[in-house]
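Listed in TrEMBL for this protein:
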type    : residues                     : note
BINDING : K124, Q187, G219, D250, K393 : UTP binding site
BINDING : H220                         : substrate binding site
Amino acid sequence: FIQDFSQAMSQAGSSQFQEVIRQELEYSMKVELDKILATAHSNELEHTKKDLEGFKKLFHRFLQEKGPSVDWGKIQRPPEDSIQPYEKIKARGLPDNIASVLNKLVVVKLNGGLGTSMGCKGPKSLIGVRNENTFLDLTVQQIEHLNKSYNTDVPLVLMNSFNTDDDTKKILQKYSHSRVKIYTFNQSRYPRINKETLLPIAKDVSYSGENTECWYPPGHGDIYASFYNSGLLDNLIAEGKEYIFVSNIDNLGATVDLYILNHLMNPPNGKRCEFVMEVTNKTRADVKGGTLTQYENKLRLVEIAQVPKAHVDEFKSVSKFKIFNTNNLWIALSAIKRLQEKNAIDMEIIVNPKTLDGGLNVIQLETAVGAAIKSFENSLGINVPRSRFLPVKTTSDLLLVMSNLYSLNAGSLTMSEKREFPTVPLVKLGSSFTKVQDYLRRFESIPDMLELDHLTVSGDVTFGKNVSLKGTVIIIANHGDRIDIPAGALLENKIVSGNLRILDH
């Protein structure tokens, strides 16, 4: 008994001790944030204040929560009816008054990311993906096509970050005559914190020059607070809008789906969903994607970062967790307003460690938009075809969407009917292709890939015009060697290695 008692005492002591440390950290953070706020000009005071308040809340929660935030024992498979097959939703058909349903919709694209992973400066949405069209061009074309076809007024809203706002706004002028109203609002701007001291590395509010690395946009979970704070949410509700369709701007498969919209507006059981997450079946390439589970009687998104280490392999297994989140979400505007006003949107914190150019280790606290699913009423997963998930994260993805695997119609990409099987080939381009400008220089024209299953390219390789790739093709130029695939070449189930220079005769 004495042993148990002393153990209990020391545990109580340590938790009290932890509480004291937590309070000290919060106090120090508050002091630093007040100093930063004091450097703001009057015109930026209001939004800087909101940003730092939001950050303070997140930091408070970060200090409260420790370790992966899911109890693995409580994770269950979602009940059958909580994830509906898309076919079932499509089978209901469309009502005659689809235009009146469309007029209740707002399309929101997450446009906070830079093209740095593909070697580009500026917003990722301005990278050319198809026939000179950028991600943003394709998005505007899709919505314009909808508005013209149904005589509707579906607006486009871009959630920018401080990194992408200026460049995006400059480019928006070119759409001033298109039949799409475009609005923007900005994500919050939060300070990065030193991993050792847990204090902000920024000394003032400026975020240009040497201060660029001091700040970050806190992940797309920030959409709820920023959208609400911008006043745009209230304006759209006042205009009679009821749902937003949110997706990543680099997911070229995320087009407005009329069947899903109809299911939301005219639910079969009369009870509307406040939140719909499009999920799709995992392939070997998606083992890290977040998955929908049943947790404490609610649908919950579980991301790999929240999984205890001992269960990561199980989480990645395609047999146990068959689906993953595409980040195509349909959310009721009135529900966002209600939950935001009650401060009741609960999203797990993602701690993202970074090393800055000077070698300083920092952490940034982020949240993910889909994690809020458990805060909404009557949430639903819809298992959609893979074609609704076509993200372009790398030049390997870019090669797929630029190729003849897809045809482009009114801003939407669809898999070519000439492809005999609906799966996309697996493409792995080596480091010589990482940057968009290098990638473009290495292809005189994009190869014919209709019958390709797998392509791996490594080293200094270039492709001439009108090359055809079929089956499995592996091309490896060893260090110091170079391989030029000649114009018009057909490579079918081939491994090419060594040195191959095509000399001009």
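Cβ coordinates are placed from backbone N, Cα and C, and glycine is handled just like the others.
Rounded to the nearest whole angstrom, the C-alpha distance between H220 (substrate binding site) and K124 (UTP binding site) is 15. When the neighbouring Cβ atoms lying within 10 Å are counted for each of the binding-site residues (Q187, K393), the highest count belongs to Q187. Sequence-distant neighbours of D250 (UTP binding site) (same chain, six or more apart, CB under 8 Å from its CB) are G113, K124, S125, F135, P391, V392, K393, listed in sequence order. Of all Cβ atoms in the protein chains displayed, 24 besides its own lie within 10 Å of the Cβ of K124 (UTP binding site).
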